[in-house]
């Protein structure tokens, strides 16, 4: 039976593969600088977004075009007429497999990408499945860290914000668990702390971590501050939300207390949790991080199509 | 005056043309297996869907890309800002003609594709016009039958489900009417029987058919069971819907009473009218049928562009 | 610092540049007639439409494909998930810049395109910013006039309809202000007259104009009748709307009183303000005008990418 190279979750990646992927992404930077290439000319990617995520979709579509390929797709679950008529995800994937060479999928349900991969006859890339995983985001985050520092081993990384529902920090934790002497700080309001299953995974992999709700005390000693959004709807009242989120804002004052070689990351979009005055600080790496998403996705698409050819 | 090769309805096809089309579709299978070709490089297809039909749209767009062409389009009538501002379909088509080399159109009104063709300066393919026709679906259905059996002449074909509102079975009837010694069984609940105008057409063409609401008695003697959805909203109550639709479910039990060389087709999406246990039966041809849509649409796009060139 | 060739408003264009642009558009007509070319193969355009404008979007996308480029995009502000989450336009543009080589943008707010251009690292083309400007429409209008008459100098041009909110007539006025001996008639209901800032601009440029609400008295002496829609919602009651709009309908009767060499333009879509009987009159130039949008947009995209290369 034909095997496909799917990208379903961050746990599937081990260190060797990560390093090869990061090397491939670095190569993609050169390819984009030279105007892209045509290696996947004639290939078709379907972007199947059951929930809108415009920027993630555009990033994948740009990646496919930079490799010479074509894109078909849909962004609106409400428009996906077959689903409305009661079609199962499995039936949809079986049929879409016949129209394209790779499927990039966003869904609202945990595990949807895995279910898709079980019936697909082309590779599937998970672009986010509900509160589950968002592996390509975690890969681009890790790639950014490695690019900025030349390594991941030995770094101190603080993840800040809503650590309970923010799937990005879960996926990133699983990636970081492959590296040596990493120290992770989970910094969040008490009601949105990092889940036990993530901590258990880190324990099993022997990764050091600490939990706190005090960003200030940690800021001076870390290499990477990974900021995320805190969503109002997780809090019982607007007052409690504002009290909680107000403690975790990255502004010029906080930056003044951070190391001169530290960097600030954010999966974006941001609302107010990083103030605009920070943008001009060279340690503000979040826009550089966003562009890295293009290179990582190019590397993943290239690998998925290449290793699954001959269907 | 310039003539265009439009695909507007199933009645426009005669046997010679059907056979040539099926040969062309067969050739397209080889082209897709070899990764597509570039014969329509630089050509542009507009998919103008005034009502969402994601999968039909993706099938056409994949077909155009496999031929090397480009696609622009829209899927949402509610978004079609010009229509909202009161523009006639004719004005829209006149202008869109200037942007592309072929228009694939889905509309909510019977006859819309024909109206479009009257003013278009490029070929128009009807991808469904309300309760009217859906000729490319019927063509892929007939192509599937021909491919599975090596012929259409002499086959016994049962169409099952909502035969009143299901435009697919109307269009397929018109295609089958070109063949010899075909026998068609129309099997439906009493309130959604095949319309008189379809029966009249079959009479004129000398095609034998029978109407019944008893699937079981016919199952053992047919070559093709063409299953369709029955929509709840056609019935006065949920009880009557469930009673009616329950009699027409294709499950393992029904399959056990069918011929060993028979096949089951369905235009998809299915809700519960074919149970999942049937999927692994080699006679379940509906996923093979779905892929055939790609080849037929490639053949139609190719013919439309080629025979209308020089605009 | 890298400079980009943005298209933000009609005032940025002076006569020399307009003439070069019109020459380039004329060249594009030949390229389209020969099936397009591949000069921007591998380049990516993002169409970022925060408000739906299907036809403008399709026109730009067709233009990019005719030049060999690729397109990614979104048409629905309501779907633009980052904006919903509170992202600023500036952040969106910074990131989208990394995915593409040119951004074509439609927005609901005046000045949005200019704000985008301030942070973009690729060229930005304004495809309409609220009640602000729509420069590519004005350029295609002016190109049509020049093509139909061989010149713009010395022509008498009437703009008819809602001149207060119709941004097209503002942008077109700014373009016409570059030419010699032009006479502009602003013909509108009293409650939607041409704004003072437009008249002030025309005064500064020494362009003659007159205001009136009497189309009939002017019809016989003009070269160009530029008709626009009058929107119901500008009027206090349906009665007043119908009374006002009824005076400005272009029908066969009005055409009979116009010069034999005059032309009728309309940015389209039209509702009832030009009757269909006029379509067959050779002086009805509005469908020719619509196709000209393709050539002008090709010329602008080509210029923007070419003059901003090497980012």
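If you go along the chain as it appears here, the first residue is 1 and each next one adds 1.
Every residue, even glycine, has its Cβ placed from backbone N, Cα and C.
The model shown is predicted, which means the values in this text are computed figures rather than measured ones.
Take the carbamoyl phosphate site that TrEMBL assigns to C:55, C:56, C:134, C:137, C:268, C:269: the candidate from C:26, C:34, C:106 listed for it is C:106. Under a cutoff of 8 A between CB atoms, and with a sequence separation of 6+ in the same chain, the neighbours of residue C:55 (carbamoyl phosphate binding site) are C:268, C:269. Among the residues the record lists as binding carbamoyl phosphate, namely C:55, C:56, C:106, C:134, C:137, C:268, C:269, the two farthest apart have Cα atoms separated by 17 Å.
Contact with chain B, taken as any Cβ pair under 8 Å, is found for the binding-site residues C:55, C:268, C:269 out of C:55, C:85, C:268, C:269.
In this structure, of the binding-site residues C:85, C:106, C:134, C:167, C:229, the smallest number of CB atoms within 10 A of the CB marks C:85. Listed binding-site residues C:56, C:85, C:229, C:268, C:269 compared with chain A at a CB cut-off under 8 A give C:85 as the close ones. DSSP places the residues of the domain 'Aspartate/ornithine carbamoyltransferase Asp/Orn-binding' (C:153-301) in helix, strand and coil in these numbers: 63 helix, 25 strand, 61 coil. Checked against residue C:106 (carbamoyl phosphate binding site) by C-alpha proximity, the binding-site residues C:85, C:167, C:229 yield C:167 as the nearest. Note on the domain 'Aspartate/ornithine carbamoyltransferase carbamoyl-P binding' (C:6-146): DSSP counts are 71 helix, 24 strand, 46 coil.
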